[in-house]
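**Q** Provided herewith is a single structure, encoded as structure tokens, for subsequent inquiry.
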Amino acid sequence: MKFSILGAGSWGTAFAKLLVENGHDVLLWARRKEVARKINDDHKSEYLEGIELPVELRATTDLQELSRFSDLVVIAVPVKHVRKVLKRLWPAPRMVLNLSKGIDESLKAVSQIVQEIWPDTTYAVLSGPCHAIEVARKLPTAVVVASRNLEVAKTLQKAVSNSYFRVYLSHDVLGVEVSGAVKNVIAIAAGVVDGLGGWHNAKASLITRGLHEMARFGLAFGAENPLTFMGLAGVGDLIVTCNSPYSRNRYVGEMVAKGAELSQVLEHMKMVAEGVHTVGPLLRLARDLGVEMPICEQVYEILFKKKNPASSIKELMERPLKLESCLTAFDLPSSL
């Protein structure tokens, strides 16, 4: 198969490496000429330290060359750039596989953006606990690919899977996308706990309640299966992003909790922390849907209103007492 990949950051490049090693032809689009040159000439990426890239992997800065190369486009650019980049690609591809996680300023998931711009294009999304550097190092990883077209999902599952990268199937596109978007915001909150002292009880509680927020929002947004949030795209990705030293979102929360200015933290990062850009649109959507997301609200207050992180923890702990509930028996499929 031939794949055109939009985005030569850490994940786009690691995924391109995987595909080439699986025997596929890949062209990788980079925004900067120096990034493309380094991939083509040195077989290196500034985003994947110590990784040797396959000599067969080619990069370009020409979107039209990318469009001509394949009618299967992989999206691996930050969500805030997806819309403007897709509008520059013509003709519309036959199929899109999305790797990006978030909700843009128009309050839409990537599947909804693609449907708006390319209504006849078949869409799939791949997500789960998959830090790029570990995939590039061929460390065992499991993810899920979701599409409303099961045959497309099966084709992608077979094309991408190998001895260290295992792909499961799902039809719940919005559930998988929501999981990836919300977990980045919760990971910022987890980083705040790390920055305040790394309290294990607090962090475990926050991750668990964050999963509740993810599920409540996802079901209101249109997710088809509540069990999606208990799978790789949901709790799986949440665990790794809230705990891993590779997690950019967790790092942002930790640094801000230690007193750093958000603008300075972002300025010194090579890559995008999607949760920072997702939390605002996410909360606007949540309010429209009538969904309560207290942890995400506190993340927004800390990042953009400079609220004292310790005050946010205190406020969360002093909320009205209630029954623990997330997914009830009435939410589960009748076949279970």
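Quick reminder: no glycine exception, Cβ is built from N, Cα and C everywhere.
If you look up TrEMBL, you'll see LYS183 marked as active site, proton acceptor. Taken from TrEMBL, the feature NADPH binding site applies to SER10, TRP11, ARG31, ARG32, TYR47, LYS101, ALA132, ARG248, VAL272, GLU274. Annotation comment: TrEMBL describes LYS101, ARG248, ASN249 as substrate binding site. According to TrEMBL, the feature sn-glycerol 3-phosphate binding site maps to LYS101, GLY128, LYS183, ASP237, SER247, ARG248, ASN249. According to TrEMBL, the feature domain 'Glycerol-3-phosphate dehydrogenase NAD-dependent N-terminal' maps to 4-152. Residues or ranges marked as domain 'Glycerol-3-phosphate dehydrogenase NAD-dependent C-terminal' in TrEMBL: 172-313.
On this model, are these features tucked inside or out on the surface, and what's nearby?
**A** Every protein chain considered, the tally of other Cβ atoms within 10 Å of the Cβ of LYS183 (active site, proton acceptor) stands at 33.
Around ARG248 (substrate binding site), the same-chain residues at least 6 positions away in sequence with a Cβ under 8 Å from its Cβ are MET269, MET271, VAL272, ALA273, GLU274.
Mapped onto three states, the DSSP output places LYS101 (substrate binding site) in coil. When other Cβ atoms within 10 Å of the Cβ of LYS101 (substrate binding site) are tallied across all protein chains shown, the result is 28.
Listed in sequence order, ASN184, VAL185, ALA187, ILE188, GLY191, THR241, ALA273, GLU274, GLY275, VAL276 are the same-chain residues six or more apart from ASN249 (substrate binding site) with CB atoms under 8 A from its CB. In three-state terms derived from DSSP, ASN249 (substrate binding site) belongs to a helical segment.
Residues belonging to the domain 'Glycerol-3-phosphate dehydrogenase NAD-dependent N-terminal' (4-152) score a mean pLDDT of 98 in the model.
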**Q** Go through ALA132, VAL272, our binding-site residues, and report the one whose Cβ sees the most other Cβ atoms within 10 Å.
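**A** Most Cβ neighbours within 10 Å: ALA132.
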**Q** Please report the number of other Cβ atoms within 10 Å of the Cβ of TYR47 (NADPH binding site).
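**A** By my count, 19.
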**Q** How big is the gap, in Å, between the Cα of SER10 (NADPH binding site) and that of LYS101 (substrate binding site), rounded to a whole number?
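**A** Cα to Cα, SER10 (NADPH binding site) and LYS101 (substrate binding site) are separated by 14 Å.
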**Q** Checking the recorded positions TYR47, ALA132, LYS183, ASP237, SER247, which are within 10 Å of LYS101 (substrate binding site) at the Cα level?
**A** LYS183
**Q** Could you give the Cα-Cα distance between SER247 (sn-glycerol 3-phosphate binding site) and TYR47 (NADPH binding site), in whole Å?
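**A** With distance taken Cα to Cα, TYR47 (NADPH binding site) is 13 Å from SER247 (sn-glycerol 3-phosphate binding site).
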**Q** Find the one among the binding-site residues TYR47, ALA132, ASP237 whose C-alpha lies closest to that of LYS183 (active site, proton acceptor).
**A** ASP237
**Q** From the Cα of GLY128 (sn-glycerol 3-phosphate binding site) across to the Cα of TYR47 (NADPH binding site), what is the distance in angstrom?
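**A** Roughly 20 Å, rounded to the nearest whole number.
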